[in-house]
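**Student:** Annotations per TrEMBL:
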- C:6-23: transmembrane segment (TRANSMEM)
- C:35-53: transmembrane segment (TRANSMEM)
- C:88-110: transmembrane segment (TRANSMEM)
- C:122-138: transmembrane segment (TRANSMEM)
- C:139-431: domain 'NADH:quinone oxidoreductase/Mrp antiporter transmembrane' (DOMAIN)
- C:144-163: transmembrane segment (TRANSMEM)
- C:260-278: transmembrane segment (TRANSMEM)
- C:290-313: transmembrane segment (TRANSMEM)
- C:320-339: transmembrane segment (TRANSMEM)
- C:351-369: transmembrane segment (TRANSMEM)
- C:389-412: transmembrane segment (TRANSMEM)
- C:424-449: transmembrane segment (TRANSMEM)
- C:470-488: transmembrane segment (TRANSMEM)
Amino acid sequence: MLQMSWLIPLFPLLSFILLLLFRKSVKESTAWIGVLLTWLSLVLSIGVFLAVWHGGGIKVEGTWFQLGKKMITMGYEVNPLNALMLVIVSLVSFLVHIYSKGYMHGDERFPVFFAYLGLFSFAMLGLVLSPNLLQLYMFWELVGLGSFLLIGFYYFKPEAKAAAKKAFIMTRIGDVGLFIGMVLLFWQAGSFEYDEIFASIKNGEIAQNMLTLTAVCIFVGAVGKSGQLPLHTWLPDAMEGPTPVSALIHAATMVAAGVYLVATMYPLFQASHTALTIVAVVGGVTAIFAASVGLMQKDIKRVLAYSTVSQLGYMMLSLGASGYVAGVFHLTTHAFFKALLFLAAGSVIHAVHTQNIEEMGGLWKKLKLTGPLFLIGALAISGVPLLSGFFSKDEILASTYADGKYGLFWLAVIAAFMTAFYMFRLFFLVFTGEPRSTEHSNVKNVHESPSVMTFPMIVLGLLAIVAGYVNTSWFGTFLTDYLAQGPVDLSHAEHHTPVWIPFVATGVALLGILLAYLIYQKKTISRDWLTRVLPSLSDAVYNKWYVDEGYDQTVVKGTRGLSKLGVLFDRYVVEGLVSAVTASVRSLSKFGSRMQDGQVQSYGTFAIFGIVLLLLIVALTGGYFS
Amino acid sequence: MSSVPLTAYLMLALILFCIGLFGALTKRNAVIVLISIELMLNAVNINLVAFAKYSLFPGLKGQIFALFTITVAAAEAAVGLAILIALYRNRQTVNVDEMDTMKR
Amino acid sequence: MNTWLLTILIFSPLLGVLVLLFIPSSDEKSIKTIGVLGTLFVLGTALVTLSAFDIKGSDLQLTETYRWISYEVFQSKGEVSYPILYEVGINGLSMVLILLTAVVSLLAAIASFSIKQNWKSYFILFFILEVGMLGVFASQNLFLFFIFFELTLIPMFFLIGRWGYLEKEKAAYSFLIYNGIGSAILLIVFVVLFMKTGTMNFDRLAETLALPQAQLDQMFITKSFKMGMLIALLIAFAVKLPVAPLHSWMVRVHVQAPPAIVMIHSGILLKIGAYGLIRFGAGMFPKEFHSLAFVIGLFGVINLLYGAFIAINQTDFKRVLAYSSVSHMGIVLIGLAALNDAGVTGAVFQVVSHGLISALLFFLVGALYERSGTSELKAFGGLAKNMPILAGVLLAGGLASLGLPGMSGFISEFMAFLGLFHKMPILAAVGTLGLILTAVYVLRAVMAITFGSENEQQSGYPDLSSAERIPAFVLLTVILFIGIYPAWLSDMLRPALDAILLGLGG
């Protein structure tokens, strides 16, 4: 089974190629090609996962090309971490393929959509299987391409165009960080291979400053991909893409690639305390920042997007606080419940044809399946006990506390409160109360989505409930034991945490839900008290803390200004120099032609002066032969 | 005789040549220009004769060349004057400034 | 050993000229057919050459030497004979560039179907241009190199000046003047080198110049003289490449010349500059090149950023691509400045890769221009709807240009930067800014054309015809192939580059 793991990414690639070639002839039945091929990937992934569970592992590499004496290799590697990722990615991809069959029904470019999904799945699975940084980087960029194509799938919409461009460029900024980190590491360790890099770190062949520098550079790549703080703005905008895409790429897989990168390179980060602290701080600040923005958004998908940013912040925080297992655990559970939430949101959008939550309401009775499933997702993400999110979030809080990062711990607790609040604000506004139909939407006549869409949601709903039990202190820490087989040293991860942490986590979650209930269901607290009390704060939150505007004013304007300056320089200085040269040549030639006056006498005069000059030179220099 | 050194002859020739050159390049009247050219030729003659006498191997070659030059100069003066007269007949002038057909 | 193969290859385009002479100039169809068949024949000959070429062999191969001109010069030492030989031969580097020339020329000939008038003289000039390009890469001495180098200028001048757009004459003259200055400098360097060393052969020149300084002093070759020669060479090829302040002619040519000619110009002619830098700069003056490495790297980064910053603000697609060429040539300099395996390989990869990518993009510009009569970005929008194939290929070309992994552009950028990071990490880090800017301007331009809502006028345009698909798909395939399997190219290049690197001591 393990020897066949290289086939896993190739099935979606095959799907991509087939669908692009035959897109005209197969029409909507293309969906089944995509579904079938991703199903094969899924089956293989599960097989590989089981093999690894029983202690297997494989690494196969061959020379890609030769650079001087160094061989640059390509290949595939299966270890506990990436086997887990394989299952998550191929499972979500498979479910999203099925879901899209219903969601994209009737779209003119239906086959193209599935082709792009195939391309993305190929890149993501390839990324996960990579045994070295270079290969990871290549797939990393291809994943970005898939995301770009799918965000811009509605190419005629100006917002989608802008969002796709923004996503590509913002993540590219991060990618350059990764690129620099990778190249620097190559010259330090002499290889792109994870194993060799880790070996030379272990042997202390790399200076401490260099370790920190490379770790931070690589983290910049993760920041770009995972929508962490300074580079997060593309992720909410990416919601312009079709909703299944948001579920697959911008909730479960690609954005988690940043977390996966940090987890894969964990020995590097462990070697530098500074780098770990940076990861933790960025993660923690992002978690609370994005959660605060999520409080006031009106677009159902944007709320979920900010929630994703916030949860990714949690994972980073956990990794930064030495909570390797907790980070990976949360990545797993989050993939399920966030994909579920997005698919449910897609189902809602499919039914009411709007994304504005102010225009929904009272959908609980009409969407008999979507409603409860959304509730499961919301409960899971809020950290209500017994659902998956509770366990993973609890572990993150515990490891943060155990690592002594108390400030970040309390930030994370507040963020957990906000998470519960905005998720249930969403739930109450969408599913309860009176339908608030407007001219844009038809909240009155809605129907439940077809079973091809509800089936994936049900699967994800089940997983969102049970996924948490893979790593609990009650039944056993299967995940910890499993990951301990990997290359990361988890020995010092054992820690004793105060028993009150789960209670605090549960308490703030329930408090958040209660507050949302009071405001949006009971309406005992006025909805806009914050707007009245602190208008500037609520404005800032509503406008996402003006980050986009800030970037527009500084980076975008700066680049544009520099570019204009460059154009002016090109036009006036460079071209000016050229015209100065031509002008001087022209005036010289005018002078020359003026000397050609037709007078033999003046010609003679010039000739004489010329001879005199030459003779003078010879007399002064002494000529060639002396 | 031999008290006059070679440099004196050469100086004389140089001065004559420069006067001739100056005249040939600056005078407006074509007749004067022709005469100036004669002057330069004569400067050359002086040089030839002087070197014939004072060079390392004195001989008659230089003097013979001077005779040739005088002959050529006479012929040249005749042709030059003939051209000049033909030109005068056509254009009623011997002013060199107006003879700039080379430019056109 | 004299095989005639290379000479046949160099002059194989003349067969096309010969046939064309017998075709009446009004017979458009057969002229164009012969244009394509002629370049196809050249490609065939090039492939035969490739099969005769031993990829693993490190030396010069398929060499031919004939006595050509010789004359005696009387010097104080006695009579010295200066023979000028006809010497051709190829190593891996030349082989790759010859293949590139043959492929791009064939595709440009297909793209020339859109030429509206004077087909016969167009194709005759086209073939002569191809002779020049092949000769430049195959010649093994300075004299021959220079002759072929000049041979590319003259047909190019007429091709731009007669078949270009509105300001074609101005573009043609600025092409001729800039390149004339470059050639003049080159000629001076060549003549001086010839007079000092008495040989024009590349290898023997390199050997002579690598002699110990004491021996060189006897030949009146001082250190500062060598440095001066190198700087002059760098300037001459910097005009051709072009390097930042000397680029305005190239932008003009790119905008004004017919797209098929720009394919050749941007795809191959600019690469002669890079070839010259590698062959003469690094190959003959390795020590001096070493000491100038920082300056070259600096110019590379300036080129990269300067071109990118200006490309962001252009409204004409052709101008975007022209400045993108400036920017991409910066990567060649960056790679060369690194002076190690990775860098120099990256520079050569960039030469090949940019040749293919810009040929593809200009081909598409031509296709767009033929349909709409403009290349202004504003005139387009939403092409993905009615012309999905053109839009898809354009997007793919743009992505290749911004260095997406899996395509050839990535390999070259990656290796060039990998090399430079080893030597000058801070400069390289500044240069990586260019990677972001490239993404910005490429996406801006490509998305302005393919994304967004379409305007009414465009709905009538047909998608790429099957004749147009051939060049587009062939180029795309080669770009992808190099991107996925670079070893094919790097194995062929390694012996030649190793020899150069050995001289550089890197």
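Cβ from N, Cα, C; glycine included.
Help me understand the surroundings of these features in the structure.
**Tutor:** The list of residues near the transmembrane segment (C:6-23) in space but at least 6 beyond its ends in sequence, with Cβ under 8 angstroms from a Cβ of it, reads 30-31, 34-35, 37-39, 41-42, 45-46, 48-49, 62-64, 88-90, 98, 120, 123-124, 127-128, 130-131, 134-135, 138.
Packing against the transmembrane segment (C:88-110) from elsewhere in the chain are residues 6-7, 9-10, 35-36, 38-40, 42-43, 45-47, 49-50, 53, 55, 58-64, 123, 126, 130, 133-135, 137-140, 144, 260-261, 263-264, 267-268, 271, 275, 278-279, 348, 351-352, 355-356, 359, 363, 467, 470-471, 474-475, 478, 489, 492-497, 499: each is 6 or more residues past its ends and has a CB under 8 Å from a CB in it.
Panel annotation: around the transmembrane segment (C:122-138), residues 6, 9-14, 16-17, 20, 31-32, 34-35, 38-39, 42, 88-90, 94, 97-98, 101-102, 105, 108-109, 112, 115, 144-145, 147-152, 154-156, 158-159, 162-163, 264, 268-269, 272, 275 of the same chain, lying at least six beyond its termini, place a Cβ under 8 Å from a Cβ of the stretch.
When Cβ-Cβ distances below 8 Å are used as the criterion, the transmembrane segment (C:144-163) is approached by residues 86-88, 115, 117-118, 121-122, 125-126, 128-129, 131-136, 169, 171-173, 175-176, 179-180, 183, 186-187, 190, 253, 256-258, 261, 265, 269, 272 of the same chain, each at least six residues removed from its ends.
Packing against the transmembrane segment (C:290-313) from elsewhere in the chain are residues 227, 230-231, 234, 238, 243-244, 247, 319-320, 323-339, 420, 423-424, 427, 430-431, 433-434, 437-438, 440-441, 444-445, 504-505: each is 6 or more residues past its ends and has a CB under 8 Å from a CB in it.
Proximity of distant same-chain residues to the transmembrane segment (C:320-339), defined by a Cβ-Cβ separation under 8 Å and at least 6 residues beyond the stretch ends, is recorded for 241-244, 247, 250-251, 254-255, 266, 270, 273-274, 277-278, 281-282, 289-290, 293-294, 296-297, 299-308, 310-311, 314, 345-348, 350-351, 354, 358, 361-362, 365, 377, 401, 412-413, 415-417, 419-420, 422-424, 428, 431, 434, 437-438, 441-442, 445, 501, 504, 506.
Within its own chain, the transmembrane segment (C:351-369) has Cβ neighbours under 8 Å at 96-97, 100, 103-104, 107-108, 111, 114, 254, 258-260, 262-264, 266-268, 271, 274-275, 317-318, 321, 324-325, 328-329, 332, 375, 380, 390, 393-394, 397-398, 400-401, 408-409, 411-412, 449, 464, 468, 471-472, 475-476, 478-479, 482, 489, counting only residues six or more beyond its boundaries.
For the transmembrane segment (C:470-488), the residues of the chain that approach it from at least six positions outside its boundaries are 103, 107, 110-111, 349, 352-353, 356-357, 359-360, 363-364, 393, 396-397, 400, 405-411, 464, judged by C-beta separation under 8 angstroms.
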